[in-house]
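These come from TrEMBL:
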type: SIGNAL; residues: 1-18; note: signal peptide
type: DOMAIN; residues: 47-182; note: domain 'DOMON'
type: DOMAIN; residues: 191-395; note: domain 'Cytochrome b561'
type: TRANSMEM; residues: 232-251; note: transmembrane segment
type: TRANSMEM; residues: 272-291; note: transmembrane segment
type: TRANSMEM; residues: 303-325; note: transmembrane segment
type: TRANSMEM; residues: 337-357; note: transmembrane segment
type: TRANSMEM; residues: 377-402; note: transmembrane segment
type: TRANSMEM; residues: 445-468; note: transmembrane segment
Amino acid sequence: MFLLVTVFINLALSATFANAIFPDITLHECASTKGCLRPAMCTESSCAFLVTWKLVSVKSENYVEFELRGNVQKVTGFIALAFSKDQRVGDDGVVGCYYQSSTNTVNIRAGYNDIAGKTTNFYNGPDEELLITDGENLGGTFNAMDGTLQCRFRRRVRPLDTVHQLMDLTSPNAYHLIVTRGVERKKDGFGRPFAGGESVSQRPVVITSPIYGSMTGIIGRGSAIAKTHGCLMVLAWVLCASIGIILARYYKDVWPNSGLLGERVWFQSHRILQGICVGLTCISIILIFIYCEGYSQATAYPYYIHPILGLIVFSLALINPIIALCRCNPAHEYRPWFNWIHFFIGTFAYVLSVPTMMLGLRMPAAGLQLQFINYPLWILIFFVIFQFIIEITLEIHGCFYYRRNKNKRRTYVLEIDQYQAAKRLNNARQPRPPEPEPSGRMFKYFIIGLHATVCAIVAVILVIIIAVN
């Protein structure tokens with residue numbers, strides 16, 4: 001019992017690792033006594049990352065005191081800051097920190113990126129005092145409860161060793177600040193950022209300037225591949241699936257005497273739209289697997305839910321057309337079973353796609369701005385309400401004209417019987433009676449036109465938001 005209590009106490013104490021007296025990094029002194037870089041529209045507790053800097057003197061030599069804080073998701077994660085001459089990673093000086101679980105310490109290292117920006121190597125050169133990591137209020141902590149890593153250290157303004165692109169921070173040298181957060185470092189350097197874990201300042205910064213600023217206008221880089229994934233999913237489920245479902249449920253009796261590619265208009269339109277939906281979904285899934293190099297590494301709530309729901313929607317989207325290919329004849333005794341199974345799978349996939357897209361808009365890979373703006377979610381909510389109103393309207397319309405259209409259908413069946421009988425008796429060529437146009441069809445034409453237009457507008461707006469932000 002005593003052993004269990006001891007273990008529990010140790011675990012509780014280790015929830016915040018490393019320096020027990022390390023003061024938290026805050027926004028309080030931003031733009032007054034220190035410069036700051038943080039996401040737009042974030043508060044003290046909600047900032048995904050925070051970087052601060054201020055000029056200090058150590059033994060008559062100039063240093064910059066940096067503070068880095070960010071959610072790194074895992075105990076093996078890291079946060080790093082690169083000094084870049086442009087807004088791209090490559091040939092940059094780097095400083096950062098990571099938690100070392102074996103020694104229960106936060107290690108602070110300097111380094112540099114190669115020209116291609118694919119690897120970051122730790123600096124092991126002759127400038128032993130390039131970094132000062134020990135002293136009052138210096139060091140770092142890692143909070144295992146929320147995955148937050150923070151560290152405070154000092155870096156020499158002008159490195160003694162300029163061979164390894166460590167970057168001279170003296171004025172007027174200005175650099176774009178690139179913040180990267182990853183879930184796992186490499187043996188000899190910082191690793192790759194996780195999806196949405198890279199952000200860059202919009203303008204270059206003179207680190208040693210006596211005028212400190214608080215920069216909130218930062219670019220949270222959304223990957224082009226991840227954005228393409230999101231845009232394709234929006235086109236698939238907001239545009240194609242929405243219209244295809246409405247056509248299959250409420251427009252089977254419309255355009256009875258017209259055809260499209262040898263089939264009824266509603267059936268062929270439904271098949272084409274749902275086929276495009278499945279195709280776009282498949283391409284989108286392939287792209288995001290390429291981007292993530294496999295399954296998503298997201299572990300923080302709610303980010304890890306999005307790939308789970310996405311794979312469920314993808315699986316259902318694949319299963320439904322396969323079932324449709326195996327459908328039996330309309331007169332077969334098992335045809336009602338097929339109809340209900342096809343209906344439920346399609347409906348479940350469609351309903352599940354909505355929260356999946358909502359979570360996707362909050363994914364870091366979509367871009368940091370999308371994590372903090374709400375109007376894309378409100379657009380999706382409007383669309384859900386609109387879709388519901390359209391379906392309810394068409395249900396009421398169908399009930400209102402049900403008896404009238406049933407009588408028309410009954411009359412048509414009698415006409416067909418008479419036509420068949422006459423054809424058998426005199427073997428004369430007589431024109432086949434046309435199917436009756438359903439009552440209330442003009443209203444249904446208006447509704448499908450309105451629905452398709454709104455679906456297209458919402459889809460285009462969401463695609464633009466995802467692509468631009």
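Here the Cβ of each residue, glycine as well, is placed from N, Cα and C on the backbone.
When each of 232-251, 303-325, 337-357, 377-402, 445-468 is scored by its Cβ pairs under 8 Å to the transmembrane segment (272-291), the top-ranked stretch turns out to be 232-251. The average pLDDT the prediction assigns to the domain 'DOMON' (47-182) is 86. Assigned with DSSP, the residues of the domain 'DOMON' (47-182) fall into helix, strand and coil as follows: 0 helix, 72 strand, 64 coil. Below 8 angstroms of C-beta separation, residues 222, 227, 230-231, 234-235, 238-239, 242-243, 246-247, 251, 254, 361, 366-367, 370, 375-376, 379-380, 382-383, 386, 390, 393-394, 397 of the same chain, each at least six residues beyond the ends of the transmembrane segment (445-468), sit close to that stretch.
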